[in-house]
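Novice: Quick paste of what TrEMBL says about this protein:
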type	residues	note
DOMAIN	B:53-242	domain 'Dihydroorotase catalytic'
BINDING	B:H63, B:H65, B:D157, B:D310	Zn(2+) 1 binding site
BINDING	B:H65, B:L66, B:R67, B:N97, B:N283, B:H314	substrate binding site
BINDING	B:D157, B:H184, B:H237	Zn(2+) 2 binding site
ACT_SITE	B:D310	active site
Amino acid sequence: MSWPHKDLLDVTQLAKADALAILNAAASFQEINSRPVKKVPILKGKSVVLFFAEASTRTKTSFDVAGKRLSADTFALQKAGSSLSKGESLKDTVLTLQAMAPDAIVMRHNASGAAAFIAQRLDCAVINAGDGWHAHPTQALLDAFTLTRRWGSLEGRTVLILGDIAHSRVARSNIHLLRLLGANVRLCGPRTLLPHAVGALGVPVFSNLDEAVRGVDAVMCLRLQLERQQAGLLPDLREYSRRFGMNQARLAKAARNAVVLHPGPINRGLEIASDLADAPESLILDQVASGVAVRMALLHLYITRKEPKE
Amino acid sequence: MSQAELVVRSALPALDPENPVDLFVAKGRVLGLHPAGAYPAPEGAKVHDAQGLVLLPGLTDVHAHLREPGQEWKETIATGLAAAAKGGFVNVFCMANTDPVNDKASVTQFMLDKALATHPRGPRLFPVGALTVGLDGKELAPLEELKAAGCRAFSNDGRPVADSELFRRAMEYASDLGVPVIDHCEDPFLAPHAGINEGAVSARLGLRGAPTAGEAIQVARDCLLAQYLGVPVHLAHISCRQSVEIIRRAKAQGAPVTAETCPHYLALTEEACEGYDTAAKVNPPLRTKDDQLALLAALEDGTIDALATDHAPHAAHEKETPFDEAPNGISGFETALSVTWELAQRGDLSTRALVSAWCVRPAEIFGLPLNRFQEGDPADFLLFDPKARWKVTPQALVSKGKNTPLTGRELTGVVRACFVAGKNVL
Ligand SMILES: [Zn+2]
């Protein structure tokens with residue numbers, strides 16, 4: 001299929017039709033994942049560099065599995081032990097990567113804008129696997145995919161994003177994508193974990209979780225970085241979990257059949273009560289499975305786009 | 001009366017462009033300013049035809065970074081002063097955050113020697129000495145020694161003094177010496193060198209921003225100290241409405257404060273950082289339209305006294321990184337006058353305020369000789385072509401620092417000649 005984008009840097013690049021096309025493609029790849037032999041040859045001979053300048057096991061593994069199931073060769077380049085830890089500039093790293101002539105680079109970096117920075121300088125597809133506090137488009141797409149599988153469509157649904165919005169690329173990407181797909185989005189978190197100009201994000205903001213949760217169809221919990229307490233953004237973590245921890249009692253105030261999501265890894269008992277994380281309302285493991293399918297779809301779309309037309 | 005050695009013919013005074021004048025100069029000083037054609041040029045005098053060019057007193061930049069010693073790949077005193085001359089500056093103050101820091105006489109002397117060796121006729125260099133040793137904000141630098149070596153102001157620019165007690169003592173000690181203190185106002189905890197305003201753009205881009213309050217808190221502290229001690233302080237590169245309002249109130253109450261802002265705060269907003277454009281990363285950061293309007297009004301009513309460039313050159317590779325990792329700073333000498341001239345043309349700023357902020361007030365505040373085109377004034381002036389258009393490109397800039405968010409823009413106005421003590425240094 002024809003695909004208009006060279007890179008996936010942020011969901012803001014995608015039109016609604018693009019996003020739906022990705023979710024559709026993911027649905028067909030999800031089917032492959034349920035076969036006894038979970039491998040197809042469609043990216044045979046293609047190479048994917050997994051460039052993770054910031055530690056991540058889940059996302060990297062998810063992309064690695066996705067690439068291998070499509071028969072692509074995947075190579076990991078991590079910060080520890082690479083020239084990155086010796087102070088090499090990102091530009092020089094990019095030039096090194098270019099010389100390896102990969103078909104796609106999946107990149108995680110702690111600087112906002114890093115994915116756009118390398119994409120401008122590389123000919124191959126760049127897929128942003130998270131840059132700083134800025135964007136995490138593949139997470140947003142897998143979350144949308146998970147909810148679409150559950151609901152059929154996001155139109156008219158209300159999703160609450162809960163927790164550390166200010167420092168969350170997951171939140172920024174989800175706010176945009178969920179709205180693009182027709183959902184209403186609300187935010188809830190302590191003032192210290194909201195961007196000062198939160199109004200610029202264009203969605204309602206709550207400081208009281210019991211009010212925020214009323215009538216919502218899904219609650220998307222964010223991971224809390226425990227250092228936020230030392231940084232003076234929070235009192236003790238017990239207080240955080242009392243005010244902003246998701247649990248069964250609070251979920252009871254949401255719409256019927258409401259679900260909870262979490263991008264992982266979870267701090268059990270902090271962002272989400274342990275029993276709720278394991279309950280049928282929890283889609284956390286569905287998100288992991290969706291992640292592989294969505295990333296297969298993305299690798300396929302972005303790599304085969306460059307195939308010469310017959 | 002001595003005989004004119006130089007006659008500048010038919011220039012248009014910036015404040016009275018309808019009435020062309022002839023400027024007579026002798027021995028580096030102004031002899032007189034007369035209606036065009038009123039007097040013949042004496043025999044042997046050099047005649048400089050300035051038909052269609054605007055005549056301005058030379059500009060004084062009280063805030064620039066020339067990077068030498070220690071970071072010559074960014075700029076040298078030679079390239080910096082050449083860029084300054086091209087921008088119309090006859091006096092340039094260079095900040096102390098070199099390597100080594102300008103906190104001892106030998107460094108000051110080195111700077112002055114370099115300036116004299118490379119630009120014997122000007123622009124003149126005025127080193128700004130460090131207020132504290134190593135700019136560490138812990139102990140006072142030897143201010144008397146620095147003054148004796150030629151420092152004309154003291155500042156911890158770049159690494160503002162957070163300790164209010166130490167800052168107070170620095171102000172007192174410097175005032176004894178009669179040397180002004182320039183403060184970069186930034187609460188280092190609240191405004192952590194972010195290079196982008198805390199606001200809508202930083203929220204969208206996922207970058208940590210610096211709130212205006214981080215500047216304004218320090219502005220308030222300095223105003224309160226100035227009033228309490230009766231000791232002057234000059235506030236550098238003011239960027240926001242909150243600061244302006246505090247300064248206006250302090251001045252109304254008689255606090256001996258003066259302030260400057262920079263062309264980029266008047267011409268650009270935080271939107272210039274969209275797309276993670278590191279060329280627009282500057283400290284304090286570019287703010288909003290509302291802040292811009294407040295700064296323009298403050299220049300107009302004199303709440304902000306002066307303009308300065310905060311010329312901060314960096315090498316291309318240093319800015320070619322993700323936003324968070326890029327150094328702060330904009331290369332400003334060569335675009336400064338064009339940018340502010342355009343504001344005046346658009347009516348956002350009066351020509352009177354422009355001349356006052358670039359030419360008059362900086363010289364007054366820092367005790368430099370001032371050219372009001374009266375007999376005996378230093379013949380520091382420039383001839384500016386107000387119609388010429390030019391495009392900002394790396395090749396067009398003589399500064400080593402090509403880092404400007406104006407790259408690619410067409411600007412109006414070119415400095416055709418920059419005279420320091422009667423000699424064209426362009
Ligand atoms: Zn400064």
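Including glycine, each Cβ sits where the backbone N, Cα and C put it.
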Novice: Anything from the binding-site residues B:H63, B:H65, B:R67, B:N97, B:D157 with its Cβ under 6 A from ligand 1? List those in sequence order.
Specialist: B:D157
Novice: When you put B:D157 (Zn(2+) 1 binding site) at the centre and draw a 10 Å sphere around its Cα, which of the binding-site residues B:L66, B:R67, B:N97, B:H184, B:H314 have their Cα inside it?
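Specialist: Matched binding-site residues: B:N97, B:H184, sequence order.
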Novice: Can you give me the same-chain residues 6 or more apart in sequence from B:H63 (Zn(2+) 1 binding site) with a CB-CB distance under 8 Å?
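Specialist: In sequence order, the residues whose Cβ lies under 8 Å from that of B:H63 (Zn(2+) 1 binding site) (at least 6 apart) are B:F93, B:M95, B:D157, B:I182, B:A236, B:H237, B:E260, B:C262, B:A308, B:T309, B:D310, B:H311.
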Novice: Between B:N283 (substrate binding site) and B:H65 (Zn(2+) 1 binding site), find the distance joining the two CA atoms and give it rounded to the nearest Å.
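Specialist: For B:N283 (substrate binding site) versus B:H65 (Zn(2+) 1 binding site), the Cα atoms are 13 Å apart.
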Novice: Out of these binding-site residues, B:R67, B:N97, which one has the fewest other C-beta atoms within 10 Å of its own C-beta?
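Specialist: Result for the binding-site residues B:R67, B:N97: minimum number of other Cβ atoms within 10 Å at B:N97.
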Novice: Whole-number answer please: how many Å between the C-alpha atoms of B:H314 (substrate binding site) and B:H65 (Zn(2+) 1 binding site)?
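Specialist: That separation, Cα to Cα, works out to 10 Å.
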Novice: Determine the minimum-neighbour residue: among B:D157, B:D310, listed as binding-site residues, which Cβ has the fewest other Cβ atoms within 10 angstroms?
Specialist: B:D157
Novice: Does anything in the same chain, at least 6 positions from B:H65 (Zn(2+) 1 binding site), have a Cβ under 8 Å from its Cβ, and if so what?
Specialist: B:E75, B:C94, B:M95, B:N97, B:D310, B:H311, B:A312, B:P313, B:G329
Novice: What is the separation, in Å, between the Cα atoms of B:R67 (substrate binding site) and B:H184 (Zn(2+) 2 binding site)?
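Specialist: Distance (Cα to Cα, whole Å): 18 Å.
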Novice: C-alpha of B:L66 (substrate binding site) to C-alpha of B:H184 (Zn(2+) 2 binding site): distance in Å?
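Specialist: Distance (Cα to Cα, whole Å): 17 Å.
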Novice: With an 8 Å cut-off on Cβ distance to the B:D157, B:H184, B:H237 Cβ center, who else from the chain surrounds the Zn(2+) 2 site?
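Specialist: For the Zn(2+) 2 site the neighbour list reads B:H63, B:M95, B:S155, B:G158, B:P160, B:I182, B:D183, B:C185, B:E186, B:A236, B:D310.
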Novice: I'd like the Cβ neighbour count for B:L66 (substrate binding site), meaning other Cβ atoms within 10 Å of its Cβ, all protein chains included.
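Specialist: Taking all protein chains shown, B:L66 (substrate binding site) has 31 Cβ neighbours within 10 Å.
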Novice: Who sits close to B:H184 (Zn(2+) 2 binding site): which same-chain residues at least 6 apart have their Cβ under 8 Å from its Cβ?
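Specialist: Long-range Cβ contacts: B:S155, B:N156, B:D157, B:G158, B:R159, B:P160, B:A236, B:H237.
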